[in-house]
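What Swiss-Prot records for this protein:
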type: BINDING; residues: Asp176, Glu177, Val178, Gly179, Leu180, Gly181, Lys182, Thr183; note: ATP binding site
type: DOMAIN; residues: 163-333; note: domain 'Helicase ATP-binding'
type: DOMAIN; residues: 489-660; note: domain 'Helicase C-terminal'
type: MOTIF; residues: 279-282; note: motif 'DEAH box'
Amino acid sequence: MPFTLGQRWISDTESELGLGTVVAIDARMVTLLFPACGENRLYSRHDAPITRVMFNVGDTVTSHEGWKLAIDNVVEDNGLLIYHGVRLDTEEPAQLREVFLDNKLTFNKPQDRLFAGQIDRMDRFALRYRARKFMSEQFKQAQSGLRGIRASLIPHQLYIANEVGKRHNPRVLLADEVGLGKTIEAGMIIHQQIMDGRAERVLIIVPESLQHQWLVEMLRRFNLRFSLFDDSRYSESLLDSDNPFETEQMIICSLDFVRKNKQRFEHLVEATWDMLVVDEAHHLVWSEKAPSREYQVIETLAEAIPSVLLLTATPEQLGQESHFARLRLLDPNRFHDYNEFINEQQKYRPVADAVTILLSEDDLNNEQQNSISEMISEQDIEPLLKASNTQGEERTKSRQALIHMLMDRHGTGRLLFRNTRSGVKGFPNRLLHAIKMPLPTQYQTAIKVAEIMAAKKSLEVRAKEMLYPERIYQEFEGENATWWNFDPRVEWLLGFLTANRHEKVLVICAQAATALQLEQVLREREGIRAAVFHEGMSLLERDRAAAYFASEEEGAQVLLCSEIGSEGRNFQFANQLVMFDLPFNPDLLEQRIGRLDRIGQNRDIDISVPYLEGTAQSVLLRWYHEGLDAFEHTCPTGRTIYDNEYDALVNYLAQPNELGDFDKFIVSCRKQHDEMKLKLEQGRDRLLEMHSNGGEVGVELANKIAEQDNDPDLVNFALNLFDIVGINQEDRSDSLIVLTPSDHMLVPDFPGLPQDGCTITFDREHALSREDTQFISWEHPIIRNGLDLVLSGDTGSCAVSLLKNKALPVGTLLVELIYVVEAQAPKHLHLTRFLPATPVRLLLDLKGNNLASQVEFESFNRQLNAVNRHTSSKLVNAVQNEVHHVLKASESLMEAEAKTLIEQAKQEADNALTHELSRLEALRAVNPNIRDDEVEAIENERTHILNHLDEATWRLDAIRLIVVTHQ
């Protein structure tokens, strides 16, 4: 094409320069000025990587003054184009010479980019289409928000998360027993609410000792990056913001941090939150006349925040008043009077009894049938009652139907979820091995001196000190005193590890210093490979230590953990636990054992406790084992008895040589424990457990998600994405890949990929066994960010390919069009479950015939060959008119396709939301726990979703020209 001064061209390789203007021409070279960035480029007149910018009738262009022109005629004058049309701002006729076009003009529409020569690679076009297709499919998946969790697929957890996570502003109490995964359930609910757009700002309030555990769990299991707020972080943020809590979207802080400072609390309340999560909610003390400050703090927040999750392991039978107080936080209108609550709870007793009868093998007698009929009086259940006394499948189905109806009437079933170990199978036995050892003379001397000097110390401080004689010894002999040279526990540990070379052993001690000193001794004395885990390490260092311990071949035999360092980490692959010392309270003891005693533990757990005779350790060991049975069984009564008997226990620990009535004390504690445990068992709410367990629904959920694990489409797409984005991949093993950033990535900083890289796997079990490995699913940030990177920009939006096919004439033109049907709506409506951005593929010949249904994308794509950009531009210029004709013809086809998709989405939304509304209204008639705002929310949601679907539109997302060749 001949060059003329003033013509506008665009660079094929540097599109960011904007529109160029021809400012100089000689026999061999042409100079372009790019006014938008003030740069010149010198090109050869032959084969220059530039494309002439020419607009067509129907296009809208912008002048350098900012006004827009709708083109209705194009005139050429001495090689320069003049565009005639109507100004959009004044609606008057106007003309615009090409030299006055906006210098910053960019080409966003795929066809504009194609005609402007900004043609992309063929593999990127294919990636874009796959990204559209897979993203659309993922939004429609029923298990959205649950599949990407880095956790085992445990039915009762999935059931609770699915049941609660889909609700509008859920307000529930998660009260599973210790070890059943309340934190994971809460994390799954948060993850779902965030993914569905129902929540963005989340506040988690926990005891100070659990902050890091939550931080680790949220990041490692759900890829949720929370910020930890303490005094220093708050003060630091106060310099940049009037309200520090508005500087982050997701925050974890301690209850003490909130309670201690009035200004801080006010800032917390003023910040707008979508969800509040409170762990260890049983510590919120309440009475009708004198609620505690902690309770009042959470109450104020719960009133202001629409969604609330409370977590507690304390059963309601151990304190009906505190149980009522927790329910009151969730729904103060419903739970406003304690006495009324007690009366109401008693009314539900017959409902639970009826379920127990239906679960038994016995036939229902007349009295029992009449009782159930009265409870479900608004429906005719006579046929179901008759069928329940028959045999076979009919009996089972009818009983299940009756149980389901009774569950709908359950008092707090919708707000409260509680699973017990007796109701959930899959837990190992716990076996205690207590090893008594003589107290070394060095310790005896140090303890005597400590007792003399501790006269002014409180009993509590003395009791805690007495548990750790090595620390007492070092206080007097100096930090470098080598207590490990004479402490018999060290010799025992060396022998134990040597005798169990093939076992992974977790050793927990109270202090980080003890763990570090033990590692040195094991390494120097016996060459035992040990990893250390303590609170002074970063998350990355802890991950590496955990991975070193988990590794089968070259890994550590033993992991030495401090109390705080081990929080939030579970090591089910090990079954040997050594407690080098004992923690001060039963909650911490259970937390230690809980590192191994989880669902998924396949072997019995051996708990070895080497203890020194005549010390506070021996006192505490007896109390835990004989008084609470806390080693070999979970101990739901432990905290209550600990609080009741605290003063006496501290007294015995502070003076272990003056035990006096200690045997009676042990008997008394065991009696309390047995009585409470019996009360718990008798008061077990089978109906609530059935409701919380999820039964077959939970199992089905787990199976469906398991079927989607290791999805070959995901693996192929992810590897293709990494290649095209420019991420380095190195195979570490059959299932592990190391990803690292490269210097030639599509973006300099790929979101979700650390600067020093990361190890990934598509296999859930591998991810669970290695702390340093990320589990890649469609929900992982690396994949989600990759999809966004491709689809939010122009990557792959236009391409040109050659098709070698001798059955077709040379030069035959096919146009492949990817349209997208979509609707815009606020995130919280979660419109994508009915109409995600849905790709529609058309493959048109010049006659307007659509061949897409006969020619599948992947097999067709494999037959095509790439074309370099310069040749592509020439081909496009040669067939520009034909392509315009095909685009015009495609619109009527697309109109019909879009109409069908939108109608289907409206029908699906109407059916789903009407069904949900009917279900809630029917439940509200028999169960007062259905909040009015839930029903109203569904009604509003239905109206808004149908309105937004009415406004759904379609647009061209990508275009590819295919030219037939025989070469």
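Using N, Cα and C of the backbone, Cβ positions are placed for all residues, glycine too.
Sequence-distant neighbours of the motif 'DEAH box' (279-282) (same chain, 6+ residues past either end, Cβ-Cβ under 8 Å): 173, 182-183, 186, 204-207, 210, 214, 298, 310-314, 319, 322, 326, 329, 639. Excluding Asp176, Glu177, Val178, Gly179, Leu180, Gly181, Lys182, Thr183, which define the ATP site, the same chain contributes Ala313, Asn419 within 8 Å (Cβ to the Cβ centroid), listed in sequence order. Cβ neighbours of Val178 (ATP binding site) (same chain, under 8 Å, six or more residues apart in sequence): Ala313, Glu590, Gly594, Thr634, Pro636. Restricting the average to the domain 'Helicase ATP-binding' (163-333) gives a pLDDT of 88.
Counting other Cβ atoms within 10 Å of each Cβ, the binding-site residues Gly179, Gly181 show the lowest value at Gly179.
When other Cβ atoms within 10 Å of the Cβ of Leu180 (ATP binding site) are tallied across all protein chains shown, the result is 26. Look at Lys182 (ATP binding site): DSSP puts it in a helix. According to DSSP, the motif 'DEAH box' (279-282) comprises 2 helix, 0 strand, 2 coil. Taking a C-beta cut-off of under 8 angstroms and a sequence separation of 6 or more, Lys182 (ATP binding site) has the following same-chain neighbours: Leu174, Ala175, Asp176, Asp279, Leu311, Ala313.
Ranking the binding-site residues Asp176, Glu177 by the number of CB atoms within 10 A of their own CB puts Asp176 at the top.
Here the Cβ of Thr183 (ATP binding site) has 20 other Cβ atoms within 10 Å, regardless of which shown protein chain they belong to.
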